Amino acid sequence: MDWAINVAHPRLLYKDPKLSVTFIVPSLFHIIIAFVLLGICASDFLCPNVAHISDPNSLRSNGSLVSKTASHASHTGALMAVLLSWCNSSPDLFSNLMSWATSTRETRSTSVSLSIGEVLGACGIILCIVEGSIFIIMSRTHIEISQIQKLSIMRDLLFSLAAMCVMSYVSLMNQVTVLNCLLMAFLYAFYLVVKLTFKLNHSAETPDETAADTSLRENSVSPFLDDSLMASGLLPPIQPGFDISNSITHGIKPSLLSAMDFNSFLSMLENSSLEEDDSRNEMAELNTLRSMTPGQHWSASATVAGEATSAGRPFSEPTNAFTEYRDSERAINSSPAVFAPYRDNPDDEESQEQVLLETTTHGHFGAQEMRRFSKRSLGWIIKIFIPHLSNFSQKSISDAIFSIITVPFFIIFKLSCPQPPSDILSYDPTLNRYSLTTLPIILLFIQSITAPFLLCSILSVLLTYHLGYLVYLFPLILAMALILLLTAFITKVNLHNKFTLSLDSSNILQEKLQKRKLLERLNTSIQIIFLAIGIINIIIWISLLANSLIEMMEIYQKILGLSKAILGLTIFAWGNSVGDLISNISMCRLYKTQTHYQDRVRLATKFFMISCASCLGGVMLNSMGGIGFSGLVSMLFIGAFNDNEWWFLRKVKLQETSQLDNTLNYKFIVSCVFIILQIILLLLFFGGPNNIKRRLTKEMKLVGISMCGLWALATLINILLELFS
């Protein structure tokens with residue numbers, strides 16, 4: 001356990017760090033792996049589990065007694081969208097929370113400065129770099145923004161402007177107070193209420209938009225789109241038939257035909273016969289069904305049959321060749337080897353022959369069965385624990401290296417984060433039977449044991465404290481309870497499927513119906529319990545990885561003599577924003593799957609607005625939600641922020657160790673000013689005067705380059721301020 005604690009906490013691993021090759025190379029590798037694992041935790045485990053547990057339809061079995069109504073799905077869709085947006089930004093949120101929660105009374109000012117710098121850096125990258133990249137990509141396509149889309153994006157821009165004004169006030173006051181955090185949390189909550197209400201009132205789509213979405217689902221996206229980025233865990237893959245507008249119902253990562261299956265299917269189609277079935281081929285197939293004869297007569301009969309067929313005779317006409325055989329030339333029909341001749345002494349040679357026969361037969365079939373079982377087991381292991389290696393031969397060198405490196409981490413995540421599928425239980429109305437999928441059930445039994453014990457182990461590593469043996473009684477009891485629950489579930493399914501000869505009276509049918517309802521409720525309860533355990537475990541994993549990154553940044557800050565503010569504005573912000581950049585760019589490229597011009601324009605507009613709205617939502621979540629929630633929890637419940645004052649008077653200064661007292665941190669102010677300028681530019685593009693909008697729309701590529709250059713200039717100014725301060 002000590003080695004795991006040292007690896008997870010760089011301050012313990014690098015006790016005397018210096019700028020040397022022996023420190024820089026492993027530390028940079030440490031940072032890259034931590035960022036990649038954060039993306040894997042969020043996209044592969046946390047997001048799918050939250051999407052599954054928040055959708056009642058996905059918790060029901062196939063053939064459930066409760067119908068999956070569309071109205072219920074639309075009612076929960078908005079809540080699911082909010083939860084999934086929170087999950088996609090979970091690395092930023094948890095790194096923000098950990099920088100506050102792990103502070104001491106001496107380091108709280110620098111830790112909060114790192115948090116504010118990371119948030120402002122992430123907001124600037126998302127609004128300037130990501131939005132600018134979107135504008136550059138969409139500059140080649142004509143877009144038509146509707147009035148509802150314009151009002152929606154204008155509302156989000158105004159909320160983002162208000163959020164940046166609050167951040168500017170905090171930077172000018174050079175402190176964060178409890179009242180500031182309350183205001184931020186209230187502003188984000190009000191944003192959610194307005195957004196959900198507005199979405200519900202204007203969620204109806206035109207028939208043209210619906211037709212375009214249907215056409216998009218029919219025209220599948222290539223399964224190899226951005227495969228190199230998906231393998232690193234930074235990008236949730238864009239799958240075939242991935243409908244963005246309805247992605248919540250299908251989960252974050254809809255299943256797709258793997259590369260191996262796709263290539264096998266393609267080769268099967270290429271190798272199939274493209275010729276028309278002529279008479280000779282059909283006659284040859286008919287002849288193979290007849291009794292075998294010696295080779296010379298068989299070839300003669302096939303020739304005669306072919307000539308008769310070519311003359312226009314029907315295929316069913318018997319050929320003369322079969323009447324030419326003499327008895328001596330008939331095919332020999334021998335009995336099987338087990339039908340041995342009669343012997344007076346059965347213990348004589350019969351036993352020896354039988355043993356030889358059984359040994360040969362059993363040896364052949366046993367080896368074949370073992371090969372088949374090993375191949376099937378290998379397929380199960382790849383499918384369950386290392387699915388990102390299924391198309392390993394088609395990965396680039398860098399992706400293959402990262403895929404191999406992350407294999408042990410992915411296996412540990414899989415063992416600690418149960419993900420029961422929605423189709424674990426299905427009902428066949430014709431047979432009145434339930435069927436269980438074997439592989440997920442086996443995996444749930446394994447995770448029933450591993451997940452509780454890994455939970456205690458992760459907590460021990462995160463707290464850098466060896467838990468007592470009595471603490472491990474809790475995971476032991478929990479594991480036994482989960483195993484008993486699964487066993488009872490399987491037993492009830494088998495009892496329901498048991499054949500009975502009872503009469504189907506009304507009372508018996510009603511009793512069967514009640515048992516079905518209880519069985520389906522048990523299925524739903526099992527899914528919720530395992531999903532909740534998975535969410536708790538993966539949140540602790542994300543907290544551990546985020547804390548490791550923060551400790552690594554603190555080491556570099558001490559070695560280089562840099563402030564935590566500039567580290568948060570640059571390295572930390574870029575590391576947590578790469579995933580947003582890649583996913584939004586890939587989303588914009590989806591319009592290329594449509595060939596019809598009008599559908600192409602409509603889909604391009606739709607994905608453009610989705611990308612812009614997701615960027616603004618990320619800004620609101622990181623700034624108001626992240627700082628507001630983290631600051632409020634820390635200043636109310638963590639002793640390092642308690643200066644024996646009333647709770648509403650508590651505050652923390654944004655003070656670096658190299659700064660004088662009450663000196664403003666101009667890097668924060670510069671960042672806020674440039675972000676506000678970017679928001680004003682977006683307001684002019686979407687809601688400015690018509691002549692300005694037309695000019696900006698024509699020069700979208702130039703506008704996108706200007707947006708990227710805006711944040712590049714802000715970063716340059718911040719670096720100069722850091723160097724000369």
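The backbone N, Cα and C atoms fix where each Cβ goes, and this holds for glycine too.
Annotated in Swiss-Prot:
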type     : residues : note
TRANSMEM : 21-41    : transmembrane segment
TRANSMEM : 119-139  : transmembrane segment
TRANSMEM : 157-177  : transmembrane segment
TRANSMEM : 178-198  : transmembrane segment
TRANSMEM : 397-417  : transmembrane segment
TRANSMEM : 439-459  : transmembrane segment
TRANSMEM : 470-490  : transmembrane segment
TRANSMEM : 526-546  : transmembrane segment
TRANSMEM : 559-579  : transmembrane segment
TRANSMEM : 621-641  : transmembrane segment
TRANSMEM : 668-688  : transmembrane segment
TRANSMEM : 704-724  : transmembrane segment
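Taking pairs at least six residues apart, the transmembrane segment (704-724) and the transmembrane segment (119-139) share three or more Cβ pairs below 8 Å and count as touching.
Between the transmembrane segment (668-688) and the stretches 119-139, 157-177, 178-198, 621-641, the greatest number of Cβ pairs separated by less than 8 Å involves 157-177. Using a cut-off of 8 Å between Cβ atoms, the transmembrane segment (621-641) and the transmembrane segment (439-459) share fewer than three residue pairs, counting only pairs 6 or more apart in sequence. Remark: the transmembrane segment (397-417) contacts the transmembrane segment (526-546), by the rule of 3 or more CB pairs under 8 A.
Sequence-distant contacts of the transmembrane segment (439-459) (same chain, six or more residues past either end, CB-CB distance under 8 Å): 1, 4, 380, 383-384, 412, 415-418, 420-421, 424, 467, 471-472, 474-476, 478-479, 482-483, 486, 490, 526, 530, 533-534, 536-537, 540-541, 544.
Residues 112, 116, 119-120, 123, 127, 183-184, 187, 191, 194, 616, 619-620, 623-624, 627, 631, 649-655, 662-665, 668-669, 672-673, 675-676, 679-680, 682-683, 686-687 of the same chain sit 6 or more residues outside the transmembrane segment (157-177) yet have a Cβ under 8 Å from a Cβ within it.
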